[in-house]
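Listed in TrEMBL for this protein:
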COMPBIAS  134-150  compositional bias 'Acidic residues'
DOMAIN    56-123  domain 'Histone-binding protein RBBP4-like N-terminal'
REGION    127-150  region 'Disordered'
REPEAT    395-431  repeat 'WD'
REPEAT    442-483  repeat 'WD'
REPEAT    487-529  repeat 'WD'
């Protein structure tokens with residue numbers, strides 16, 4: 001089944017710092033319905049994208065096929081984005097939902113581009129009409145278009161904090177670890193930047209912090225943590241490794257428990273303060289202070305220490321920069337904003353922060369891989385001082401533009417890549433760059449290979465190409481250079497593909513034919529299909545439409561079955577009855 005979004009009937013507000021947009025929650029219906037015919041006299045038919053519409057026919061979306069469906073626009077196209085994991089819980093299915101995403105724009109002017117940190121709240125499920133109300137079709141359409149039947153507190157909202165970005169954002173990927181959200185961006189100017197978006201996440205969570213953030217952005221721009229300019233041309237391939245290296249504990253062997261257990265009001269990127277995370281008892285102390293103790297990872301910094309003296313002054317110090325501090329009076333402890341980031345409620349201030357010049361300097365850094373339009377792939381390894389050591393020697397193997405890279409979900413040194421040279425390659429980054437390519441499917445597709453996705457549960461890789469084909473590769477049989485499954489459904493290039501985070505046989509694909517298709521490899525027909533369905537692959541579960549020139553999609557890892565997709569005309573957020 002499919003759905004289409006009609007921008008003419010939506011009430012999207014452009015997402016800017018001055019005016020946070022509303023996420024549209026009502027979308028034009030879609031079924032094959034001749035005009036000017038009463039609903040009870042209509043004969044419904046299955047629609048597939050290749051079918052032309054007759055002069056007296058229109059498409060309307062079927063509410064019964066969706067659990068949730070929203071749309072949003074960002075002004076300038078935002079054709080690459082990523083989901084940000086939060087601490088609101090796993091497998092959240094209770095509505096309304098909340099989600100955090102980060103995206104990058106492709107504006108006409110290079111200086112007009114931004115990284116967008118977005119919080120979507122009140123993502124409600126579709127309210128389905130009873131059968132008794134179904135005859136009033138015109139009334140339904142009106143309600144679906146304007147959302148006037150929702151109370152103000154039920155209206156989906158989108159809050160956004162912007163970071164100025166030099167050049168269009170070709171691709172953006174996020175990585176959250178130990179409370180430090182990092183984002184890497186590929187710029188059309190040939191540079192790769194890494195950003196800490198903790199302040200932006202705090203801003204979208206608090207109107208007070210958002211106002212302060214806007215004021216500060218007018219005077220000072222956010223700068224990246226790290227920039228790599230070693231690529232000779234721009235690129236699109238970008239991925240963080242999800243497998244962390246084994247490293248010793250950042251905490252000393254001797255622990256010290258504070259006399260007054262602290263309490264903390266956690267936000268979505270905080271965890272309650274843990275008494276198992278104190279600091280070394282020999283740390284510098286002052287006679288006017290009692291104990292020093294450590295807060296859990298903060299969204300702005302890896303570790304934050306709150307202290308106060310006998311005069312009721314509160315100091316904040318962050319790991320790696322304990323000498324940098326901001327002093328606030330006791331009356332302003334709750335949710336204040338400082339140079340070190342937002343301060344959350346912390347009633348017990350009888351503590352002192354020691355100097356921690358190198359504490360946690362490496363805890364949140366993951367390995368990164370970047371590929372460019374020349375053919376080069378560079379691997380970034382975390383180094384001391386909160387930076388990365390980028391191997392200047394590129395991995396050697398591809399002979400044309402590298403379109404996508406994916407780290408193995410299980411092996412921290414294993415990387416997959418695809419290219420315009422039609423190949424898919426598997427690399428072991430422990431080897432020398434000229435010997436790192438271990439497996440190759442030389443003619444994986446009949447034309448450019450655009451995207452790949454590594455299954456987190458089974459040894460499968462999905463690939464999509466300009467030929468409109470999706471291939472499934474079994475790594476146990478990769479040397480045969482033959483896919484174990486092939487799906488020819490898209491009629492234009494496949495631009496995005498991604499496996500479901502927990503269902504090993506389910507994946508989604510999207511393409512330039514304006515379709516998002518959901519697939520399940522385990523599905524088999526148990527009866528003779530209807531005549532109008534016989535040409536569809538049996539593994540095809542669902543077709544979602546309504547977007548123009550789809551570029552990326554992602555499953556939300558914490559919201560079961562929820563897909564985010566982006567295209568030239570904005571975002572869709574939806575969950576179907578199929579997954």
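In case you wondered, yes, glycine gets a Cβ from its N, Cα and C as well.
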Self-check item: Remote residues contacting the repeat 'WD' (395-431) - C-beta distance under 8 A, at least 6 residues beyond either end
Solution: 235-245, 367, 369-379, 437-456, 461, 463, 465, 473, 475, 478
Quiz item: So what's the mean pLDDT when you look at the repeat 'WD' (487-529)?
Solution: 93
Practice problem: Quickly jot the same-chain residues contacting the repeat 'WD' (442-483) by Cβ under 8 Å, restricted to those at least six beyond its ends, or write none. | Solution: 403-404, 406-409, 416-420, 422-424, 426, 489-499, 501-504, 507, 509, 511, 513, 519, 521
Practice problem: Helix, strand, coil: count each for the residues of the domain 'Histone-binding protein RBBP4-like N-terminal' (56-123), based on DSSP. | Solution: 6 helix, 32 strand, 30 coil
Quiz item: Do you know the DSSP helix, strand and coil residue counts for the repeat 'WD' (395-431)?
Solution: 0 helix, 18 strand, 19 coil
